[in-house]
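Encoded as structure tokens, the structure appears first; notes follow it.
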Amino acid sequence: MSQNYDVIVVGAGPGGYIAAIRAAQLGYKTAVVEREHMAGICSNWGCIPTKALLRSAEIMDFAENAKDFGLSIEGQIKADLDAIVKRSRGIAERMNGGVSFLMKKNKVDIIWGEATLTKPGEISVAETKKKIVEPQGPKPKNALGAGAYKAKHIIVATGARPRALPGIEPDGKLIWTYFEALKPAKLPKSLLVMGSGAIGIEFASFYRSLGVDVTVVEVMKQVMPVEDAEISKFAQKRLEKRGIKIMLESKVAKVEKGSDSITAHVEKKDGKVEKITADRMISAVGVQGNIENIGLENLGIKTDRGCIVIDEYCRTNVEGIYAIGDVAGPPMLAHKAEHEAVICVEKIAGQPNVHPLDKSKVPGCTYCHPQVASVGLTEAKAKEAGRDIRVGRFSYAANGKAVALGDDQGMVKTIFDKKTGELLGAHMVGAEVTELIEGFVVAMNLETTEEELMHTIFPHPTLSEMMKESVLDAYGRALNA
Ligand SMILES: Cc1cc2nc3c(=O)[nH]c(=O)nc-3n(C[C@H](O)[C@H](O)[C@H](O)COP(=O)(O)OP(=O)(O)OC[C@H]3O[C@@H](n4cnc5c(N)ncnc54)[C@H](O)[C@@H]3O)c2cc1C
């Protein structure tokens, strides 16, 4: 016998569980189907456990420089890898449990298993076949099991998985994905990271802090290729200063596997091939949507380049079926997934003033050391778009708080439309920029011009003062530079 709901969400990641909560808040009888871990990749194998590892790395870096702060730490500071990983896994588990609690609190039913869309308004749930590197996360208490379920609205939020390059497929032993990189049994002495997007650079930063000899190979002209070129160059220099080797415009063409190491054939821009041997390699060449085996073809749901095609309110081409989060395309970020979840459900409910997602205002953060954060157009993209621009810059070295923190290497860059004063983009590298960027995101959402930002008071002493100074600099009025 099938069970009936108003809304069923497939996948309990940040997209799925937020959609379920919002649907329940709006009075819908709601269920969420999850096959292996409540809270999805984000809390179990993505955003949160990586930040836990990076926090250990940050404290290690501080401790190593304790002398600069007038402190002495007796003996050598040692990283206990098992304890670091245990802490990270414990935090992931806590987040996972938190989402189960939220489902209960909001009276959302959890259906445990693997869902397939069978026909409009109906799914079938089977026991999970797929297993990732870990056993399944704990099955929430009172979860419903396999069977047929009906709902007027079905939201697909099945997320993404690591992308693999042909011939260089991760094997989980010598070539890792983020799963193995998050849970190493032992610290490699040397590591090659293929790809310098946020995931690759965060792992490079973490392992370097623990003393690993790290080489990053990137096919594009700059590290973190989506970031502003100037910010990327600044970050690259800092990363290199920390001892990370970076090879740009270079491609891992082939990998030979030894018994306990790999040798990568790295093709450089000039056509020469350099062989690099490392204990382990992390493949960080992006992710691809989980669109297979979920019955999209049963219903004729359109996909494009590995993602479900949606309109501005997350509707697919089939009535009553929606898609949100990573499976619905880039930017593949947790906050984008959550935002789409709310847009999708509120549109279903016929709420007034539902705004489509504005991808130009989705911030991006990389939590390496130094951190990088941005929103809006880069300088190059603004020029490409034919905008006449003003650019402001402010250096961390001229900010009292940064100097007091002992972290005075960084930059805040702002880009304005010369004619209208519209803030087009903000780009930052340095301490705490992942927390600071939201100030500019709010400003852009309010369609701020330089004038409002200049009239805004920033507390002293804070790193945020550099945001205002960067704006002032764009207009030749910086005060502390
Ligand atoms: C190492 C790493 C670090 C990251 N760091 C950040 C960061 O700092 N900030 C950020 O914004 N983003 C980060 N991300 C990206 C972020 O994790 C994703 O954007 C986010 O998890 C997407 O959410 P989602 O709900 O679309 O999918 P997911 O979180 O992938 O959740 C999808 C869920 O669907 C379930 N599922 C799939 N198929 C089925 C099925 N047929 N039946 C039932 N259940 C199913 C899966 O088990 C999974 O739990 C990171 C990713 C990685 C890998």
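Cβ from N, Cα, C; glycine included.
According to TrEMBL, the feature domain 'FAD/NAD(P)-binding' maps to 5-341.
In this view, Cys42 (disulfide bond) is surrounded by 26 other Cβ atoms within 10 Å of its Cβ, with every protein chain counted. What TrEMBL lists as disulfide bond is Cys42-Cys47.
Annotated FAD binding site per TrEMBL: Lys51, Asp326, Met332, Leu333, Ala334, His335, in sequence order. DSSP assigns Leu333 (FAD binding site) to coil in the three-state reduction, outside any helix or strand. In the shown protein chains, 20 other C-beta atoms lie within 10 A of the C-beta of Leu333 (FAD binding site).
If you look up TrEMBL, you'll see Gly195, Ser196, Gly197, Ala198, Ile199, Gly200, Ile201, Glu202, Glu218, Gly286 marked as NAD(+) binding site. Within 10 Å of the C-beta of Ile199 (NAD(+) binding site) there are 23 other C-beta atoms, taking all protein chains into account.
According to DSSP, the secondary structure content of the domain 'Pyridine nucleotide-disulphide oxidoreductase dimerisation' (362-470) in residues is 40 helix, 31 strand, 38 coil. As annotated by TrEMBL, domain 'Pyridine nucleotide-disulphide oxidoreductase dimerisation' applies to 362-470.
Long-range Cβ neighbours of His460 (active site, proton acceptor) (same chain, at least 6 residues apart, Cβ-Cβ under 8 Å): Gly400. What TrEMBL lists as active site, proton acceptor is His460.
A distance of 10 Å separates the Cα atom of His335 (FAD binding site) from that of Cys42 (disulfide bond). The distance from the Cα of Cys42 (disulfide bond) to the Cα of Lys51 (FAD binding site) comes to 11 Å.
Considering other CB atoms within 10 Å as the measure, the emptiest surroundings among the binding-site residues Glu218, Asp326 are those of Glu218. Neighbours of Ile199 (NAD(+) binding site) among the recorded positions Cys47, Lys51, Asp326, Met332, Leu333, Ala334, defined as a Cα within 10 Å of its Cα, are Cys47. With a cut-off of 8 Å between CB atoms and residues at least 6 apart in sequence, the same chain places Ala160, Val287, Gly325, Asp326 near Met332 (FAD binding site), listed in sequence order. Proximity to ligand 1 (Cβ under 6 Å from any of its atoms) holds for these recorded positions out of Cys47, Ile199, Glu218, Met332, Ala334: Cys47, Ile199, Met332, Ala334.
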